[in-house]
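Colleague: If you scroll down you'll find the structure; I have some questions about it.
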């Protein structure tokens, strides 16, 4: 019986193993079916991007390094194959490594040699965000042919830049090359990510331009309690009723928000991805340390956005590489990249291919495995390790990465790029592509289907009117425009619903650019308020109220403001002037124009709760009979805080009233000037929007053709004017003085005068060229010294100091360029000037009869 039981148990075990094998076969078949489906899977790519045939690209003009491998590269490929064999033997359950794909010429190249560190001559590309933004905008994303396997082709960054297309690996290699060239410790990553990351699907994410910056909580300032302060009047409202109303409103609002959130979640809930964890993706890893990077982070090359290494969208890493080495991740990625340690010098967590690296490594000692190996195999392994230790990565086979100013300026692939986000659409254009200078537009929608527009934001560049940004709220129809410094009228921001006058307008100004210190002006149909900063008279607010217009009067030879709005009241507020006593320092004054009354309120004294006041009641200067009206005590009501005595004499009050009356007239004129300025601004803005003009930098040679022609025409006119001046001058006068201005001279004297004049011109031309040459050599020497200083101290400089240094070097290089042009021009025109003077002397009537044809 015991034997039979054992036989039965063995049969059951065999049946279980057969069932498991069948299940495994079914699973492998399912995976193969998924791979077949994935091969024809449609990935989220913009529909306006046509398919590109990479097999049709021209490789005949590429350098020889693209088409062949050097001896060192061949040796590296041999080492890579040996490394791959060891890897597949030790890790048979892992997928093959991405080591030496084929380039555009059909030649196998190791991935590290495809990275070409390059620092491009643009300040925007010196920071990681500038590089990432350029790569994501300049290139068009192409999906991998199979989402679960890495590509078999990896083209050079120069070819990718030329055709402006590529997959995630192409994006990453180009971005990594630029970051390493800019001084970052950057690496290309081969790993796995979610469907949204791999397919550039941002439709469930909030647009970065709509993310609000995190507010830093401010510690509330504790108000000093004053036991002598005036108690506020008692609140007679029922606090219980207010609490119940607030509670009811909060519950209603919370229920509405929860309902909307649940509806959005149902719509926004992403579909289950059958390839979750299998989708291959490439991105860039930036380690902390270099370039003052405080924390290690990822960069998604498709979007140019940075991500934390704890981001749940990155599901695992197979390997990383830069231009010097290749590392394989030996850590478990069951929790994505959250638990990974990015210490590439840790040989337990990261298996390095070439041991001769600049990273500190720990030597592995597997004594048990070495004992199992034969002596011959051990010797071979030691020889291989010695070869790897002494082997350095060969230089990159890629040609230098170059981006012309026109290509850098274009930035967007085919001049335009569209990105879809959650309830938003972001459009980008190359500068100068749109006639109105539009470079970016963000459209915000109320629904996920993007049908109902809520807000539109537009960004502009190179506008002559200095318009930088425009926000249009489609619900309220309110438009807000923002301007860069330099507008004709110092405009900083303008908020309006219509450009019609006497409607609601809010205008902000750069007060430093204005004489009156005006910072803000708010106007509607019956009010206008102006805010000032930094005025000598301490004025900070001026408020005007207007009445309704009367019937329109048409009179000949009358002023244009005959039908302007009548001014009802002018109110001005002043800051404290410490040079005046408190009783004489006006805090607020109100001119009631229609009531002919003036109210003055002075600043509060210390430890007083009421302020001194004066009320003036104006009267006509003369009565009906023509007699002057004398100032009476009833014309001024005075309250002096802290004193029961009457204020100063009537004469003083009369002078104050006269001064206030004169200031009232001036204020009326200023109000009319403000109204006229508003009308002028609206008219200018309307004209600027009707005929938009774009500016071109003087350094932009390609786009500045018109200015170049104008510059050449101006130079021609200057040369003609100089020539005319030279004709007007008597060039023989200094030399005729030497022979006494005689009407008749000998042939020898005439020859001497001619030779002296020509010799003098020759010396002046040589001296001018020598001066320019000396300045040129001095500038070159200065640039060489700057470069030598930078080579010695660049490790100690901060990013701002390096930017200042690059700006200084650019200025010196521009000066050298100008001096070289001037020197070349002088060398070309000097013989012409000499021959022209010689011809003039030959035809000069004072020398012609003596020189003849000499």
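Note that Cβ sites are derived from N, Cα and C of the backbone, with glycine treated the same way.
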Colleague: So which range, 223-246, 247-270, 271-294, gets flagged region 'Disordered' in TrEMBL?
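Modeller: Checked against TrEMBL: region 'Disordered' maps to 247-270.
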Colleague: For the record in TrEMBL, which of the ranges 650-677, 678-705, 706-733 is the coiled coil one?
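Modeller: Within the set 650-677, 678-705, 706-733, TrEMBL attaches coiled coil to 650-677.
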Colleague: Ranges 366-391, 392-417, 418-443, 444-469: which does TrEMBL label region 'Disordered'?
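Modeller: When 366-391, 392-417, 418-443, 444-469 are checked in TrEMBL, region 'Disordered' belongs to 366-391.
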Colleague: What does the DSSP secondary structure composition of the domain 'Dynein regulatory complex subunit 7 C-terminal' (743-850) look like, as residue counts for helix, strand and coil?
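Modeller: So the domain 'Dynein regulatory complex subunit 7 C-terminal' (743-850) is made up of 101 helix, 0 strand, 7 coil.
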Colleague: For a three-state summary based on DSSP, what are the helix, strand and coil counts in the domain 'CEP76/DRC7 peptidase-like' (280-353)?
Modeller: 3 helix, 30 strand, 41 coil
